[in-house]
Amino acid sequence: MSALAQNETIAHQIKQQGGVEAYLHAQQEKGLLRFLTCGSVDDGKSTLIGRLLHDTRQIYEDQLSTLQNDSKRIGTQGEKLDLALLVDGLAAEREQGITIDVAYRYFSTEKRKFIIADTPGHEQYTRNMATGASTCDLSILLIDARKGVQEQTRRHSFISTLLGIRHLVVAVNKMDLMEYRQEVFNQIKQDYMNFAGQLPTNLDVHFVPISALDGDNIVTISRNMDWYEGPTLLDILETVDVKKEASKQLLRFPVQYVSRPDLDFRGYSGTLSSGILRKGQKVKVMPSGICSQVERIVTFDGDLDFAVPGEAITVVLKDEIDISRGDLLISADDEMMVTRHALVDVVWMSEQPLVQGQNLDIKVAGKKSRGKVENIQYQVDITHLTQRVAVDLPLNAIGSVEFSFEEPLMLDSYQQNSDTGGIILVDRLTNVTVGAGLVREIQTDVYEGPKEFSEFELELNRLIRRHFPHWGARDLLGGK
């Protein structure tokens with residue numbers, strides 16, 4: 001493919017659409033798929049992304065020229081273009097020939113827009129992989145045809161499903177090195193399905209044999225594998241149905257900001273997480289439980305009659321209510337649990353292990369609070385998907401942890417709602433993110449409000465929390 005042809009792709013699409021504005025409007029109307037590539041070390045993840053960008057004409061002339069020079073200088077593919085260099089951006093990655101950080105790339109076809117997360121294969125960078133997977137709808141699991149299903153393949157499959165990804169594409173790469181033999185592909189497919197029986201049952205799994213280096217079954221059907229009658233990888237990406245039924249879920253609107261541009265306007269800004277919010281709808285403010293009615297739904301482009309999940313809006317209520325960042329708007333007839341305790345699946349990202357009794361700052365749906373590790377139930381053995389007793393969680397470990405919270409929180413399970421069920425764990429001294437939490441189970445007892453304390457008790461509590469924060473004393477007033 002010539003550089004000129006690649007360079008003219010967008011210009012040709014603009015001409016077809018009838019101008020720049022029409023082209024931009026068409027781009028906005030396209031559906032978006034977020035997916036990640038993951039697998040074991042050197043399975044060809046970066047090469048696959050480079051091939052997708054190359055064969056869908058997303059590489060410009062200057063990029064191609066740089067790629068040709070870099071391929072000759074530090075490439076690993078001989079006379080061929082080393083497409084992995086398109087996405088391995090860090091100097092350390094290029095020198096070692098591996099992926100360390102999560103590299104994001106963007107491209108589009110006539111049917112869909114895509115955001116790709118190229119995630120690390122090395123076990124010590126599993127935390128980076130979990131970060132990349134948290135916003136994706138689909139995982140491409142690369143398997144080296146020479147090696148078959150590896151431990152990292154199982155690890156990444158488990159993390160993907162743990163983070164709510166239900167669409168998996170198992171791409172058996174480097175088929176060219178195995179002479180494109182069908183029995184190799186079939187054996188790997190069988191081995192993976194044997195393992196996948198331990199994963200959630202509602203998965204949509206596709207298998208495709210590919211060669212990322214030569215482009216077999218990436219964008220065009222391979223002539224070297226006539227025995228494969230399925231779609232290409234790009235066909236799967238363009239047609240997979242990843243529509244989340246967020247609009248059919250319960251209403252969840254986390255308040256991120258109170259908007260007061262003047263004395264006559266008071267609105268509550270944020271992104272609608274799930275459900276449909278309509279003008280005139282009765283809503284309940286959590287955790288106070290006060291009900292009101294939606295008077296306006298304000299956006300940059302004007303008022304709306306209703307809002308759908310993913311839209312950034314400002315809600316104006318009929319009544320003057322004390323609402324602050326971290327509060328939640330739900331349907332008036334919804335009974336949402338407010339709790340101080342939850343069972344959380346934790347992906348630990350710090351070199352210092354997570355231990356029982358540890359205090360952490362937490363963030364959930366715009367709300368900042370504090371939590372304490374009451375008990376570590378178990379650590380997951382990713383290789384065999386079994387549970388083992390643990391007194392701590394080391395770096396890159398995944399385990400089930402019982403948390404208590406300083407104040408009552410509004411939580412859903414992560415599988416129901418990733419916004420109100422996802423917790424960011426932050427070290428209280430360094431302010432560094434040390435883990436990701438996914439709410440598995442909410443304690444059934446409902447918080448009934450703060451008990452009465454004397455003025456002396458309240459003043460002593462404030463004094464201790466102000467001057468001795470490392471003691472981890474909770475706010476007796478529940479954060480109010």
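Keep in mind that glycine also has a Cβ here, set from the backbone N, Cα and C atoms.
If you look up Swiss-Prot, you'll see 39-46, 118-122, 173-176 marked as GTP binding site. Per Swiss-Prot, domain 'tr-type G' is recorded for 30-248. Feature annotation from Swiss-Prot assigns region 'G2' to 97-101. Residues or ranges marked as region 'G3' by Swiss-Prot on the basis of similarity to another entry: 118-121.
Shown here: features listed in Swiss-Prot, placed on the structure.
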| residue | record | DSSP class |
| --- | --- | --- |
| Gly39 | GTP binding site | strand |
| Lys45 | GTP binding site | helix |
| Thr119 | GTP binding site | coil |
| Met175 | GTP binding site | helix |
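Cβ neighbours within 10 Å of Asp42 (GTP binding site), excluding its own Cβ and spanning all shown chains: 19. Within its own chain, Met175 (GTP binding site) has Ala145, Arg181, Val184, Phe185, Pro209, Ile210, Ser211, Asp216, Asn224, Met225 as residues 6 or more apart in sequence whose C-beta sits under 8 angstroms from its own.
Taken together, the residues of the region 'G2' (97-101) have an average pLDDT of 46.
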